[in-house]
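Annotated features, as they stand in Swiss-Prot:
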type	residues	note
BINDING	V18, D39, K44, Y69, G83, A84, A122, A123, N124, S147	NAD(+) binding site
BINDING	Q86, R92, N124, P125, V126, D127, D152, S153, A154, R155, T233	substrate binding site
BINDING	R157, H172	beta-D-fructose 1,6-bisphosphate binding site
ACT_SITE	H179	active site, proton acceptor
MOD_RES	Y224	phosphotyrosine
Amino acid sequence: MTATKQHKKVILVGDGAVGSSYAFALVTQNIAQELGIIDIFKEKTQGDAEDLSHALAFTSPKKIYAADYADCHDADLVVLTAGAPQKPGETRLDLVEKNLRINKEVVTQIVASGFKGIFLVAANPVDILTYSTWKFSGFPKERVIGSGTSLDSARFRQALAAKIGVDARSVHAYIMGEHGDSEFAVWSHANVAGVGLYDWLQANRDVDEQGLVDLFISVRDAAYSIINKKGATFYGIAVALARITKAILDDENAVLPLSVFQEGQYEGVEDCYIGQPAIVGAYGIVRPVNIPLNDAELQKMQASANQLKAIIDEAFSKEEFASAAKN
């Protein structure tokens, strides 16, 4: 793939609620010139491709079609949303084994097509499935990316913005760690238009310390709330994926919170994918952005990574997954 290439091709694997919402976001935001959609329900992908194509007169030209794995061979980006959905009362980590099997089958077929681009993983549990995509593909770690805490960070910024009465785009704050129950807020570096969050709150008295705790809990548990109300989350993550896609296809070198391979960026955190900011462009992860964490935040990062690593190690101790690993 070249950063100057004008015809950008995306293959989406998984045409469920997240996948179809992502496809819609690509069309409405004029991202990419070609979109192929793969799903086991071929007729559904044909219907979605036809339906989406009817929006092109209002947006920009794009080739949209129901694809096969062979179509991945010259894609710039393959986006993986295929997987069993998270059910009410089920954590993202409960999904591990069934979605690892799906991931192994999908990634094996994509690699067999001759695909040389970038993997973007969104299926849950995303940090573990990003790791397994890296293992099953044999690709360099920079070319396997997970959506990570991109949505969590967006929720965090929006919640803070609503609380203090500013535009969410003026709030700069990250959620790091697992995209899930062990994630944490990086309070030490949160700011509003360059003003440290604590300084802002001291001057404006918008919320007290307990209010911040409650705000974080609402962000962390947002998916459970939405799933209980409507069965699934898909709009927010779809737009987050579209943003990451644009950063890759346009070679933006944008800093986004993603699921990034760990090899000692943070003390005691290695051999796993986990959410942290990173520079991303046409060739994948350019480099991680290692925000200096305070002691409490570092402990949370380590605890989150240890939880993921334990699940990864247990999963890849099984022959069906260990035998398929290429990395």
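Even glycines carry a Cβ here, placed using N, Cα and C.
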*Looking at the recorded positions R157, H179, Y224, T233, whose Cα is closest in space to that of G83 (NAD(+) binding site)?*
T233
_Count of other CB atoms lying within 10 Å of the CB belonging to R157 (beta-D-fructose 1,6-bisphosphate binding site)_ = 22
*Relative to the Cβ of T233 (substrate binding site), which residues of the same chain, six or more apart in sequence, are found under 8 Å away?*
V18, A222, A223, I226, I227
_Using Cβ atoms only, which residues of the same chain lie under 8 Å from A154 (substrate binding site) while being at least 6 residues apart in sequence?_
A168, G236, A240
*With every protein chain in view, how many other Cβ atoms are within 10 Å of the Cβ of K44 (NAD(+) binding site)?*
16
*Out of K44, Q86, V126, D152, point to the one nearest H172 (beta-D-fructose 1,6-bisphosphate binding site) in space (Cα versus Cα); all of them are binding-site residues in the record.*
D152
*asked:* Return only the integer: C-alpha distance in Å from V126 (substrate binding site) to H179 (active site, proton acceptor).
replied: 7
*Within 10 Å of D152 (substrate binding site), Cα to Cα, which of the recorded positions K44, A122, N124, H179, Y224 are there?*
H179
_Those recorded positions, out of Q86, R157, H179, Y224, that come within 10 angstroms of N124 (NAD(+) binding site) at the Cα_ = Q86, H179
*Compute the C-alpha separation of K44 (NAD(+) binding site) from the residue listed as 'phosphotyrosine', stating it in Å without decimals.*
27
